Amino acid sequence: MSNKRIYELAKELNQPSKDVVEKAQQLGINVKNHMGTITTGDEKKLQQAFKKPQTNKKPAQQASQKPATNQPNEQKKQETKTKQQKNNRNYQDRGQGSGQVNQGKNQSTNQNRSNNGGGNNQNRQGATQSGNQNRQGSTQGGNQNRQGSNQGGNQNRNNNNNRGKFNNNNRNRFNKKGKKGKQQTSNKPAVPPRKFRELPEVLEYTEGMNVADIAKKIHREPAEIIKKLFMLGVMVNQNQALDKDTIELLATDYGMEPQEKIQVDIADIDKFFEPEELNPDTLVSRPPVVTIMGHVDHGKTTLLDTLRHSRVTSGEAGGITQHIGAYQIDIDGKPITFLDTPGHAAFTSMRARGASITDITILVVAADDGVMPQTVEAINHAKAAGVPIIVAVNKIDKPGANPQHVMQELSEYELIPEAWGGETIFVEISAKFGQNIDELLEMILLVAEVEDLKADPKQRAIGTVIEARLDKGKGPVTTLLVQQGTLNVGDPIVVGNTYGRVRVMVNDLGRREKSAGPATPVEITGLNDVPQAGDRFVVFEDEKTARAAGEERAKRALLEHRAITSRVTLDNLFESLKEGELKEVNVIIKADVQGSAEALAASLQKIDVEGVRVKIVHSAVGAINESDVTLAAASNAIIIGFNVRPTPQAKIQADNEEVDIRLHRIIYKAIEEIETAMKGMLDPEFEEKITGQMIVRETFKVSKVGTIAGAYVTEGYIRRDSGVRVIRDGIVIYEGQLASLKRFKDDVKEVKMGYECGAMIEKFNDIKVDDVIEGFIMEEIKTN
């Protein structure tokens, strides 16, 4: 015999498929729904199970709407009297439309059913018996006639039954009805009483917990705790914070020992950098981190370029490194990480930050220039950080190079060469031609071996931000130096006051990496904002904790900033009152990287001009946008863009609102311009200085553009931003500004003597061949 499906067996048993599935699962038969198949043996088990009396019945239907298929279930009810059972069957037949009802008794039966609350509200389990018993009672005489000879004893007995059934019917009257008006009894199990749970022996609490929090900890209802506190003389609600004394009083009354839980400040990431956090058993050797320092143009970037075999300098404006770069090179299987700090005085803070995360400092000194101001600053930073110094005497290939003079000058700063009995390593090199570079690398590895540098690669990564910027397509891009542990893609991370998850990790060669060990520089994306250069970063165990820590740090930083900017004391009260007469320059700084923005802001704030000071209204990374222009218009500020350009919309808005936007690629030019503007507030005196002359050799007329002069510079130089005079036959016929200055279709800032160029003059097109164009600038006469 083939297997049978559940719904087929349900039809045979006259049972719902759902009940058959439930019964099969109770018997251990593996079926899931009505389409499941069962064997012949399982079929017999189910048939046997459904032959037993059913204790749980379905909700009753109206007596007039009972289907014939439910008759077998009705016959299984417990019988009390044979006569009542016969009457039940007769009543069921009448409810099924059989028509076999005594016409003489119909009126009295309907009357009894109406008096007893109506058959429509009767429960299925008692509908047949109660209906027939009511018909046999003494309600209104109809049944008395039918039971004439038994009015005495049977009437009293049946009246008692009717009272019980009447009460049941009244209760059922208010039962909910189904879709077709059928009565439904609740099949939901009764709510079990709450299981009693013992009180804990110790109550761990934190100050500020409320009643609801304590109720969860001690497994009690909040109302019970509120009542107990009321009895102890403390009136609270369940959401009210409780102080330490109240919590301890409550715990003592319950017989528990109160124990205050020390809260860990998740926003404090500096604790992860403590030496005590390191496990001595898992420490291994790590690569050294080397910082290259020195005066501007002494060859730091050229040295690093030689080490990396790339042209870093060619991409730098003015030959000066604009932001910290981190690179790693491999020497005979031993990696070395290099940090290239800018050499200009404006980058003092960045250089100090570089020294704080480095292991070895290479001090680059030009053999022809000797010790310069930034050289001394670099020495002081390295000594303050306790970092060993290796002196690289550069440019020994140049005529006039005097390495001995450099050694003599540095000895005044306690950097005495080993050849003179000191401890400082000196290496004479030529970064341009790669002379003695191998010897310098050997010295670095030697010093690193002596320093015995260790790190734990197994812990969660910690480190420092080298640089950060806002990329148009990638969002915040951050260069990190891993100091301890291993940084992996996907790690939840907190960087300064920002947070996120490491989405993409790229090494210094532009290749994607999945992990980065100690002393490895990488560039990551995935942060919610641009951090500050020099911020520390920590990897957290989960993203939720990292987010909470980052948001808390950002909140604290904002509150601290507001407190600093709004704080007034008796010491500065007089100065604050005088600020009404104080002239100031409001400046908004936008730069390509955070380090440059910081350096420019620090330099501008150091400008000391009597009666005038610089106020940095806003400093950020990224292109100059409409929000910056709106802020500048509201605060009457000048926008300085460093290596960034304004968006087209921002440029249009700036023109409409007459906001001054100054764009620069060299940092000291920006400082110089602001300083000049500040001194202008003091009504300085200027004098004219002729920079050069050029002779017009050809003219080109371009429609909708104007006249372009093809000229040859005969004296000095002509700058794009200088003023010009057009001289014809010794007479000045026009004075104005250059509209453009080009060489070979490229815009240039200046053209020197002996070179040809193309020039356009603003609002002047009457240029003739052999005209002389004289360039001049207005120089300020320095005031003492």
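For all residues, glycine too, the Cβ spot is worked out from N, Cα and C.
Annotated by Swiss-Prot as region 'G1', the relevant range among 294-301, 398-405, 510-517 is 294-301. From the options 340-343, 472-475, 720-723, the stretch Swiss-Prot describes as region 'G3' is 340-343. Checking Swiss-Prot for region 'G2' across the ranges 219-223, 244-248, 319-323 points to 319-323. A mean pLDDT of 56 is what the model gives for the region 'G3' (340-343). Across the region 'G1' (294-301), DSSP helix (H, G, I), strand (E, B) and coil residues number 2 helix, 1 strand, 5 coil.
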